[in-house]
């Protein structure tokens with residue numbers, strides 16, 4: 001079937017064509033012309049770009065009319081039909097032969113080659129050589145603004161000026177004024193077998209009907225004009241025997257039906273239909289007025305700007321059963337959304353469906369880099385997963401992005417039809433390219449989306465994924481193909497000698513921007529997020545140089561709390577005439593992380609903390625520590641003061657400085673640091689390092705090896721490897737220290753919250769049942785627990801059936817002073833053990 005179409009979109013691999021009656025089709029890059037296909041084959045064979053081969057966007061522009069022939073109709077994975085077309089003159093003009101060619105004929109041609117005096121044009125007629133002189137192409141080239149010459153593969157509307165040697169040689173013109181003035185006549189001997197779309201003819205109205213008209217043209221041809229192709233200005237005024245100008249839209253080969261249009265832009269060959277302003281696409285209109293309803297076809301509406309729009313039957317209601325004919329009488333108003341624009345019908349296509357009106361995405365232009373989208377799995381292929389985001393919008397999740405780790409068998413995790421939550425890595429609406437990621441750490445990230453080099457300001461912290469780990473460092477990628485280098489010295493707090501063994505392709509990590517040169521698209525990054533303090537990390541101390549610091553690491557001092565801050569205590573050192581100000585980070589208040597938080601909660605400004613150790617004076621402030629194990633290690637000289645003192649096999653007491661996916665960095669007094677790789681962190685198998693250690697935790701580490709050249713220390717944190725003597729005695733000593741600190745905290749807490757301090761584990765209390773939850777646990781109240789949340793789990797209610805309002809005896813199991821929560825038991829065997 002031959003059709004007149006209008007180019008809607010151009011990509012490197014195909015032309016999207018708008019066809020009459022709201023249809024659309026695609027011309028693959030291999031269906032342009034013989035000469036263009038030969039150049040493509042040559043380029044593929046040679047493996048390098050050919051100068052004479054131009055890309056489709058260089059040759060074609062949206063809005064250009066082209067003659068097409070349907071080559072196939074294919075059914076896609078989602079059940080939709082796709083119309084494949086060709087604009088190759090050999091296929092479009094297959095009904096023509098050299099003897100049928102006549103001066104004044106208008107037909108399609110394609111540039112074959114550039115010669116000295118003009119161009120050889122392929123018009124698809126065997127045995128005919130078509131030539132286009134430079135003079136006849138000059139005005140067209142100037143107006144097209146596509147360069148100084150026509151390009152091989154360029155499709156042209158050609159007018160035959162002269163026929164020589166019985167059709168073996170023809171001379172052509174593509175001059176716009178000559179082409180626009182051409183009209184098909186009886187003298188050109190057109191027949192139904194070679195009649196071409198795009199021909200403009202004089203026609204006579206034979207019959208007028210509600211859905212269109214019947215016309216006669218070129219003496220003995222008959223054709224149909226449907227309701228969408230009448231001139232909107234004259235649609236109600238046509239009458240039999242009226243003479244009109246018409247353009248052939250399509251010719252069906254078997255039924256031999258010819259369809260025509262009376263719309264003004266098509267009545268001059270080479271014309272261009274009106275385009276829809278881009279801002280109108282996707283607009284929701286509160287009121288669109290019904291102009292006409294056509295059973296089995298749809299309805300025509302008048303929009304707010306006076307233009308007409310068409311809605312197909314399936315877009316008039318949610319289901320066929322919910323359709324109400326009475327709602328589509330002329331003058332009725334409906335809410336609708338513009339979902340497409342048919343260039344060939346010069347009409348918006350609208351939908352009244354609620355799910356379409358409310359849809360987040362209608363076209364690729366609606367999607368932005370960094371958006372989180374829901375999709376449905378369409379297929380799984382070696383290159384990745386194809387996902388349907390919305391009707392007509394598909395994305396690809398590359399195999400690298402199917403999970404946080406590389407999946408060897410993705411089909412075991414995902415099935416066709418599964419709903420998936422993705423994040424947009426890259427969106428190119430022009431090329432209909434949508435790249436997505438399923439990596440949870442990227443999808444759930446709350447950090448800024450880095451999608452262009454201009455936004456990469458020094459100090460910015462964001463998530464990126466490793467694409468390459470080599471001797472020089474790591475290449476990290478972000479959104480929209482933005483990428484940067486993490487040099488070797490910025491891979492961690494400690495030197496990493498073999499980055500390819502520590503980092504893997506696809507690994508998601510937090511990175512900080514150090515430097516960016518947008519013009520050169522160069523980005524320098526760091527995995528050391530604390531290498532430059534943010535505005536929240538600066539403490540308002542007197543600068544170090546202004547303080548006459550006279551303390552040595554390991555010296556014990558008493559301090560007074562000046563100010564409580566979220567991340568620690570600002571203190572002054574007592575018995576110092578200069579009132580030296582120092583800082584105790586919250587995690588240095590105790591060896592136990594939970595106790596540190598509780599002690600911070602209990603302390604007040606003005607309190608005195610005895611026996612605090614001078615730890616360091618890095619940066620602008622003095623840091624003190626109250627960690628008992630660290631203080632003991634320094635006092636007992638079980639420390640190393642420099643890298644040169646470290647020996648393999650040593651047991652050292654330190655604290656966790658940083659937890660990375662590949663291991664844990666441990667810092668020791670006097671500033672020496674080491675790395676415990678993932679394999680040496682625990683006696684258990686480590687999946688996620690964060691499940692085993694937290695920053696600030698006190699640890700005993702065993703030195704495994706040292707690299708003097710790179711000043712690197714490798715550590716072992718396995719409990720089985722880090723015992724110095726009797727494991728039982730060490731464990732009891734730790735527990736003893738823990739309970740001692742808990743008692744100190746309780747004494748401090750007694751000042752502000754005396755009631756919670758009276759509740760010690762093992763104490764019997766009288767309570768009243770407040771509520772029984774769905775999970776079987778119960779809430780209690782009582783005079784002794786005012787202001788506290790008292791809970792007993794289902795197990796600790798024993799066999800008793802309790803109801804709100806009852807009084808019960810209970811035994812205190814645990815008290816959480818930080819959250820003011822108390823856990824109790826009503827079990828008889830526990831209550832009997834207490835007097």
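Start at 1 and count along the chain as shown; that gives each residue its number.
Cβ atoms here come from the backbone N, Cα and C positions, even for glycine.
Taken from TrEMBL, the feature domain 'S1 motif' covers 1-88, 104-175, 198-263, 370-439, 459-528, 554-627, 649-718.
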Contact between the domain 'S1 motif' (198-263) and the domain 'S1 motif' (1-88) (at least 3 Cβ pairs under 8 Å, separation 6+) | yes
Top stretch by Cβ pairs under 8 Å to the domain 'S1 motif' (649-718) (candidates 104-175, 370-439, 459-528, 554-627) is 459-528
Across the domain 'S1 motif' (1-88) the predicted model averages a pLDDT of 89
Secondary structure of the domain 'S1 motif' (649-718) by DSSP, residue by residue, totals 9 helix, 35 strand, 26 coil
For the domain 'S1 motif' (1-88), the DSSP residue counts stand at 23 helix, 36 strand, 29 coil
